[in-house]
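Now, the feature entries from Swiss-Prot:
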type	residues	note
BINDING	81, 86, 92, 323	[4Fe-4S] cluster 1 binding site
BINDING	107, 111, 114	[4Fe-4S] cluster 2 binding site
DOMAIN	93-312	domain 'Radical SAM core'
């Protein structure tokens, strides 16, 4: 198999924020270098890998993208498609679908792969659930994904706001199926509180991304814990056995094939039903570099392995993202 890879990356490990880091102001976005410079993991210069031929995005014609953006701005809503610089934004917006990001545009974490802004968030917008519900109804969406930034500043991690959004969507658009893509609710007692709250009005699909293999967590997801994320998925499934669970993993951050397979086995052992596997693409020069472009043949092999493990649906390909064609994935898991 042909592969494009860099063998290693030098890391400079520092403790806490940079000494020159200015105090964070509520609602002010730290992006790119400003964000990553606050991370406990700093990346030395690494060679930039040339994107292979299979990393291509089709940009549709027409006004659908601008029309959807206008509708979102009109209702003061945010999509992770825009905030995280998703490469599939034109395709999804062109088909009138979007993944809504609630609880603001500022994340309390500083993950090295993510283009969402870091900082000190503002309090949740009490009007957001109603605005979201009305927008979903106005757009006639049959399937929506609702995600959020990490909110380590909130006692429940934002779980009540998720439930308020689910409730508002179901009130305004009863036929819409709802998938939530949640943060990890990490913190003393926070997972238990979050799961208790989510039980008030569970989604149709519960998604939480594992993101990468455990050996890379310190570099890729500082502030997160691999086993904690697995436990969140398993505990939700134990409480709601009829609700499909889902997770996702990115490739190209330094993992090897056996580590990926082991992570897939861990997810199945924690009762995850659906999995997405896609290529990591570096958002800016300040973020974690791409260390390898996995081939389409690799993704097919992982898809086959996922089905061997018993996943009800496996979406595996270079441009696959967690909420990309989420409605199709959900149908594969029996959500109708």
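Heads up, the Cβ atoms here are built off N, Cα and C, so glycines get one too.
On a predicted model such as this, the values are computed, not experimentally measured, just so you know.
Location within the structure of each feature annotated in Swiss-Prot.
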| residue | record | DSSP (3 states) |
| --- | --- | --- |
| 107 | [4Fe-4S] cluster 2 binding site | strand |
| 114 | [4Fe-4S] cluster 2 binding site | coil |
| 323 | [4Fe-4S] cluster 1 binding site | coil |
For this session: Using the centroid of the Cβ atoms of 107, 111, 114 as reference, list every other same-chain residue with Cβ within 8 Å of it (recorded [4Fe-4S] cluster 2 site), in sequence order.
Result: 109, 110, 113, 115, 116, 118, 149, 150
Exercise. Measuring Cα to Cα, how many angstrom lie between residue 111 ([4Fe-4S] cluster 2 binding site) and residue 323 ([4Fe-4S] cluster 1 binding site)?
Worked result: 19
Problem set entry | Count of other CB atoms lying within 10 Å of the CB belonging to residue 114 ([4Fe-4S] cluster 2 binding site) | 24
Seminar exercise, completed: Rounded mean pLDDT within the domain 'Radical SAM core' (93-312) lands at 93
